[in-house]
Amino acid sequence: MDLELDEYYNKTLATENNTAATRNSDFPVWDDYKSSVDDLQYFLIGLYTFVSLLGFMGNLLILMALMKKRNQKTTVNFLIGNLAFSDILVVLFCSPFTLTSVLLDQWMFGKVMCHIMPFLQCVSVLVSTLILISIAIVRYHMIKHPISNNLTANHGYFLIATVWTLGFAICSPLPVFHSLVELQETFGSALLSSRYLCVESWPSDSYRIAFTISLLLVQYILPLVCLTVSHTSVCRSISCGLSNKENRLEENEMINLTLHPSKKSGPQVKLSGSHKWSYSFIKKHRRRYSKKTACVLPAPERPSQENHSRILPENFGSVRSQLSSSSKFIPGVPTCFEIKPEENSDVHELRVKRSVTRIKKRSRSVFYRLTILILVFAVSWMPLHLFHVVTDFNDNLISNRHFKLVYCICHLLGMMSCCLNPILYGFLNNGIKADLVSLIHCLHM
């Protein structure tokens, strides 16, 4: 993660031929720049402290809950644990160092930390984002291949190793292209003596812009696409499963109403061999017929071998009219007219409706939770990436007076994702929620 002054000084460092003019003209701008957040520094300190503590404690609880159930390892829980660990690193590396640089207007941690800390900040944020992609891919695989789901702990280890390798590889240019700059040499003022700033020093602007665009693609656009595709697939599968469940319950209701008429309607009909054959036929082919507007009529007796040849095609009409005039409802060939449930089927129908309502409520809950996951990621990280892109292409669009304030707002929104990830991936996860509740009770006692 870049420091807030990088874009401002990259242009100054690239114009070394005009150093004298820069010293005379930029010093008043530095004073104006320095006073941009002085009125809000206590508010920023309190806000950063609150966000950091909330993110640290929430992710620490997730780690403790997952460590408690180590005997029930799953790939998703393993990834959620690594997500909590990477979010803790984001809180530890990004919040204190960034806030200190913003409020004190200098880098106080030495030359070595100037090369290491931006690299660690970038790696922690990138790893957290790549783990979100991994969780989305695993969920997509579990939905598309529920029966052949053979993801083991080794697959989780492989995913985590790949994620950390990609994080180190993508962020590897940052230690090379960061340098410590003395402000007295840059601005030519004795008031800025012994003050240093850690800034990016790319060979040219094109390198810096290329790196910013790469981070935008890997840290924002790619995760957003993966989360959207995966969670859309999950919601669609749940919706299809709900539809199949509802259809199956309605079909069972139709057959139960047909096979078990009300006791008030008369004596039970004893099924003959042909009726049993017709019942097995409707069970086998019940999905071909309409669920709510289908009933069954009595099946004709199967003709014997002796009079089979006597049944001529012209007699089919009379047989059909004879069947349609019957008033008994026993298993047979379905026809399309509305069936009215008997009184003794009210309890069964009520159970069916309650089951379908419960499944619909659960599916809506999953849909809302997955939608919130996508929105939280999109809203929290979009301002910071837009800020870096805008300042890299044209740093004059944001005035020096409001530069640090805008950066702090964007940076705090990004940090909020570290506070919300434990809630979205941990506290709303039914498998982890019970362990979290028991853990909180133990800590409270």
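The backbone N, Cα and C atoms fix where each Cβ goes, and this holds for glycine too.
Note that the structure is a prediction, hence the values are computed from the model and not measured.
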If you check Swiss-Prot, which of Cys94, Cys171, Cys198, Cys226 bonds to Cys114 via a disulphide?
Cys198
In Swiss-Prot, is Tyr407 on the same membrane side as Gly156?
no
So which of Asn17, Asn256 shows up as N-linked glycosylation site in Swiss-Prot?
Asn17
Can you count the other CB atoms that lie within 10 A of the CB of Cys114 (disulfide bond)?
20
Under an 8 Å Cβ to Cβ limit, what residues of the same chain, 6 or more beyond the ends of the transmembrane segment (408-428), are close to it?
4, 37, 44, 47-48, 51-52, 54-55, 58-59, 61-62, 65, 80, 83-84, 87, 90-91, 94-95, 98, 102, 125, 128, 135, 369, 372-373, 376-377, 379-381, 383-384, 386-387, 436
Have a look at the recorded positions (Cys198, Cys442) and report the one with the fewest Cβ neighbours inside 10 Å.
Cys442
Structural state census, the topological domain 'Extracellular' (99-117) (DSSP three-state):
14 helix, 0 strand, 5 coil
